[in-house]
Amino acid sequence: MVSSQPKYDLIREVGRGSYGVVYEAVIRKTSARVAVKKIRCHAPENVELALREFWALSSIKSQHPNVIHLEECILQKDGMVQKMSHGSNSSLYLQLVETSLKGEIAFDPRSAYYLWFVMDFCDGGDMNEYLLSRKPNRKTNTSFMLQLSSALAFLHKNQIIHRDLKPDNILISQSRMDTSDLEPTLKVADFGLSKVCSASGQNPEEPVSVNKCFLSTACGTDFYMAPEVWEGHYTAKADIFALGIIIWAMLERITFIDTETKKELLGSYVKQGTEIVPVGEALLENPKMELLIPVKKKSMNGRMKQLIKEMLAANPQDRPDAFELELRLVQIAFKDSSWET
């Protein structure tokens, strides 16, 4: 159904990325708060990123508390709006798909095309901002590790490889914190680089394992990229590596300064002289390199240290999959009360 009346009122801008602007918004009928990511489809790259995010989030048939939920996607053209669905025969939707496939605008460039992603509103910023504005806290670290491993297992079960896991892409929801004893809820977001692994050609009914779905496009953020991503031949095990970088950095409060934004970011790295080098890049050059874990603290629980080393193994086959990772983190968190000492 096409309408000239949007269902949402945009309240304020809360974030701006390379291909979209995120607003706090309210649903007119209910006054409920939501987040709206508004993406201008003026370039093929924007369209491709937007469709990747739409396809990934719309492919998920159930919700997970630690994965951002897509309420709906709205396509706006010259003031008219319509709800967009995956596989739609709408000419507007098909023009966007054609633009993504051909790498050139397949519609009248004089028309103003926008996609609105309506999602959960997260009121606590991102994981990077949240952690770096507070003192290290063992309970928070435990909660965040368990939430992130649960989210990743859920995504991989749904054949989704995120490909850009980093603290900036993990949002914080504090609205359900009824008491000061509760930790905030994390939500993995920003699926613009994600990949949905399709069923195998031999048996279309059987979903393909994300750990056997090989990808070749080198993408992500360099300090969180696995060595095989730099090479351009990788699977979902690259997400395990990225999460290993995040967990290691969180436990030891390892940070670096982004050269472009000058922001302090959580992320582990390797020092080579006076330079800091992404762990994945260093392991690509020297796969036998022994990572110094812990690098700042005097000691670390043996099982936690071993798990991080396995997550950051140069050979992806030596890393645990998301389901083993989730189980082992639960065991470490609940069977060893002093795991972080």
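A Cβ is built for glycine as well, from the same backbone N, Cα and C atoms used for every other residue.
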**Report entry** From Lys29, Lys37, Lys61, the one annotated by Swiss-Prot with Val14, Gly15, Arg16, Gly17, Ser18, Tyr19, Gly20, Val21, Val22 for ATP
**Finding:** Lys37
**Report entry** Of Val14, Val22 (the binding-site residues), the residue whose Cβ has the fewest other Cβ atoms within 10 Å
**Finding:** Val14
Query - Cα-Cα distance linking Asp164 (active site, proton acceptor) and Val14 (ATP binding site), given in Å to the nearest integer - result: 21
Requested in this report: Specify the count of other C-beta atoms within 10 Å of the C-beta of Asp164 (active site, proton acceptor).
Outcome: 19
